[in-house]
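Structure, as structure tokens:
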Amino acid sequence: MEKIWLIIQREYLTRVRKKSFLVVSLLAPLLLAGTTLGIAKLNAPGAADEVAVYDESSLGILPHLTSTEETRYVPAVGSSATAATAAFKKAKPKQAALLVFTKDFSLDNSGGVQLLADGNISLKRRENIRKALNKAVSELKLTRSGLNQTTIDNLKADVNLKAVDLSQQGGRENNVGLTTATAYILSILVYMFIFIYGVQVMRGVAEEKSNRIMEVMVSSVKPFQLMMGKILGIAAVVLTQFGIWLALSYGITTVAAPLLMKSDKAPVATTSVTAAKPAAASAATVAAADADAMPAPPQPGTTPNLWSILEGLPLGSIIGGFLFFFLGGYLLYSSLFAAIGAAVDDQTDAQQFMFPVTIPLILSYIVSINVIINGDPNGPLAFWLSMIPFTSPIAMVMRLPFGVPLWQLLLSGAILVGGFIFTTWVAGRIYRVGILMYGKKVTYGELSRWMFYKG
């Protein structure tokens, strides 16, 4: 154990004293924060798209097209479609598109409408216009049916559905977007750290083997001790770097959050006038009672901090589970990467062995994303992915924000530990032979024979 500890110290101190380690540790959060701020700034809503409307039909549809924060509808300039098109071309880039309703357009014939734009119009902009047009046609059809505007307004429904997680104490509101985003970020971190630092283990072993340093080192320590010391030393480097990133990210996020969430304008209250309903008073009473059970939203003008945003998530199980499954996955895969580094003479030969090892890691990421978006994070597919040791580091971490039963966490963790012990045994058998094997092209059959060599 003392020899393993000395190797861990050597691997750790050699790497953390490098300037590249300090540069990456300090600059990565800053680059991430700068990129995030830049994207947020570029995606910030600007002026509403102006869509000109030329209507040759007898419906007078322009007043029924509802302008929003993203799209504003204005009458086109010109007495004909040709003149309106020419005026639209001159109005660029002020006007984003031209909506032309021909004489053939009617409530029963929606084919007489065209959306003109200079170049391809974005899918989002087209969808906004389509929704506004469908809404306008629906209102006109209801009016044609003899319904007055008050009745039409009463028929409209805008249900605000709140998802409440009863597994949380007090029944907290479930923010699906935040939960999904957290699952994405955690899975990306696990994949990135396992792959990057696993490859570092492989390259370190391959480099020491090519420089014949191994021949000197194995005279003092056993090959298995050398392998475990290297793996655990780099694991300590990973935890150090991750801790620095976490601390810097939290500090940067705390400072940057007011800049991102601060509003330059006072909040605008929107009201709608509708006919009074007999059950309005009782409905308001019920809504008030329900609101008491829900967490109060941030008041206008206040800036929620990072932890207040994340308080609806099971942070304890997320942080603990992330660290455990990340370390377990790293130890499992890095032992295999170490075996690959010991088996080959140069890094170019390692590619044929890396691909089969990384397939489970890549597939687990792809399938887990599909399960979370289109499936059930607690369904059978997600369950079995989180039980297989080669896929559980990503699959289980992705499930953590959605809540995972304790027995599944314990079972998956036990299987992962067992998988690590098995892969370490396999890697150790290959490692002890491979580090002293030179000038021979290694095949999968040769690797299988190395596993059962005696001595």
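Using the three backbone atoms N, Cα and C, a Cβ is placed for every residue, glycine included.
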Matching range for TrEMBL feature annotation, transmembrane segment, among 21-40, 381-400: 21-40
Cβ contacts under 8 Å made by the transmembrane segment (409-431) with residues that lie 6+ beyond its boundaries: 205, 223-224, 226-228, 317, 321, 324-325, 328-329, 331-332, 335-336, 338-339, 342-343, 386-390, 392-393, 396, 447, 450-453
Residues of the parent chain within Cβ reach of the transmembrane segment (353-375), under 8 Å, 6 or more residues beyond its termini: 180, 183-184, 187, 191, 194-195, 199, 202, 333, 336-337, 340, 343-344, 381-382, 385, 388, 390-395, 398, 402
